[in-house]
Amino acid sequence: SGSCEVKTCWRAMPPFRKVGNVIKEKFDGATEVEMQRIGTRKQLVPKNPQFKPHTDEDLVYISPSPDFCIRDMKAGVPGTAGRHCNRTSKALGGCELLCCGRGFHTAEAELVERCSCKF
């Protein structure tokens, strides 16, 4: 008589927040690189020679992201001037971040609406 053993292995994704944190960390430490010919091969090397060479685990980029604060329709960036923002928020829609340090104007408005409330 023989015995049979079944072994099942699987991999699971870590929590989404953990994945996001790792990507953000890599983004913050990303290195701008350029293509250089070294001998007969082309290689990506840091644009700033003071930076250490990147590893396979590092995030690199060839051209910097556009300045999303400034309007650049060629790059498809509408800019942030004139947008409404949340004065009390410190998050993405907050005025401090959305207005890119240009300052902002506040305005208060009172809105009176008729509603079909039944009590």
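Cβ coordinates come from backbone N, Cα and C, glycine included.
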Scan CYS4, CYS9, CYS69 and flag the one Swiss-Prot records as disulfide-linked to CYS100. CYS69
Just the number: how many Å between the Cα atoms of CYS100 (disulfide bond) and ASN86 (N-linked glycosylation site)? 14
Can you tell me whether DSSP puts CYS69 (disulfide bond) in helix, strand or coil? coil
